[in-house]
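The structure appears right after this line, and notes come after that.
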Amino acid sequence: MDGTNDDRIRRLDDWDTDGLTALAEEFETPLYVIDLERVSENCNRLRDAFPEAEVRYAVKAHTGRSVLETVRRAGLDAECASAGEVERALAAGFRGDSLHYTAVNPPARDLDAVVSAWDDHPDITVTVGAADTLDRLDERGFDGRVCLRVNPGIGAGHHEKVRTGGHAKFGVPLSRAPETAIDAARRFDLVGLHAHAGSGISGADLADHRELVGRMGELARTVAEELSVEGLPGLEYVDVGGGFGVPYREEEPPLDLNAVAAATRDALGTVPGRDGDAARLAIEPGRYVVADAGVLLTRVNTVKPTPDTTIVGVDAGMTDLIRPALYDAYHPIANLSANLSQEAIPATVAGPICESADVFCDNRPLTRPERGDVLAVGIAGAYGYEMASQYNSRPRPAEVAVDGSDLSDSRPVRHRETVEDLTRVERPIEPLEDHE
Ligand code: LLP
């Protein structure tokens, strides 16, 4: 993993400080900033490294309309984890043949909605991770394209909570996969096999990735053989999932996508496909597309020296960006308002939520923060806004889109919620009847 220039990710230093500060003034904080040009670049980097593959954007990383449209224009497909994501991808212009719905223990309501979308878009593919999901599709009259998700017995990723292979709820166990695949092919149009090891895979995980892809290649050859014996159509693709990591810390080397692509190709080998073609490789990255295209801006409200650290209270919290609280995830943080002559102090940047997990960093050097300063939390484009909540009755933040390094041309793409947005779904209780 040598990290050529192309592998460089966009760090906080690469953003225009004055431009970000001006956005914080204009749109107030907390504020997400998303650079759509960078999103396109990331799509292109993936397509360049995997020219032979179908590249599907895992929509869950950032489902904003502006991002979905940008990704669609860049030529990627969409991988959706729920009926809601399918609906939003369709609204952003993805066509049925570029839509892949990954059904994880799917609620009946989701299956109903996707089967109804399939009526209008018969090329949608449903990826199924349990044999009984096939029955549930059958019961609804679905007889379209399905893909079988397999648990390859290998998990990887930046935290145990984001490992989806091995001891996890996802996919059909590898040992049961051939029989389930053949059953699926007899009842539906089985177009692919799928596995996803986890999220945030680094260069150090390359051996695990190679092992997973190798197991999928073996399985696909076994299934292809049985399909051919039964005279059933062959596989169109083998999807080896997403999970390509992004180096959040300065010292982490960037992922060498070309090395990952070469290892993937090598480990997969050739899988006989449909109509005399080889089955294609498919990948479905989310984080890699959006992580370094986003920044969260927040303003300092309180600076409080304590015996252990200086608490820097900011107006963003775990409701806006939950990754540090949930996974102890590291995000770079810089004080955009700092005067360079000021020294750095050990600071604990904390939000306004009544939970002690509401901390973005603990005792980390930060150029001396003062009340009113604007801080930038970097690499916040993936799983940032998407995982935001309204806990403590906090409306979700606004988001503004920019194109490239010139931040003067910005467009609001999500308005800041109001408390009214939160209470719109509520109804006052009826007056209690008098029971005497
Ligand atoms: N495909 C499937 C089936 C997935 O479950 C996921 C992510 C992806 C693709 C995309 O993975 P990515 O390329 O983004 O790593 N909230 C966590 C990440 C959870 C990922 C869940 N599945 C985080 O903030 O780190």
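Cβ atoms here come from the backbone N, Cα and C positions, even for glycine.
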If TrEMBL says Arg323, Tyr327, Glu355, Tyr383 bind substrate, which of Arg280, Arg287, Arg424 does it name for the same site? Arg287
Record says Glu284, Pro285, Gly286, Arg287, Tyr383 bind pyridoxal 5'-phosphate. Source is TrEMBL. Which of Gly217, Gly231, Gly234, Gly243 does it list for that same site? Gly243
Taking just the CA atoms, what is the gap between Gly243 (pyridoxal 5'-phosphate binding site) and Lys60 (N6-(pyridoxal phosphate)lysine) in Å? 12
Record-annotated pyridoxal 5'-phosphate contacts Gly243, Glu284, Pro285, Gly286, Arg287, Tyr383; largest Cα to Cα distance in whole Å is 15
Tell me, how many other CB atoms lie within 10 A of the CB of Lys60 (N6-(pyridoxal phosphate)lysine), whichever protein chain they belong to? 20
How many neighbouring Cβ atoms, not counting its own, are there within 10 Å of the Cβ of Gly243 (pyridoxal 5'-phosphate binding site)? 29
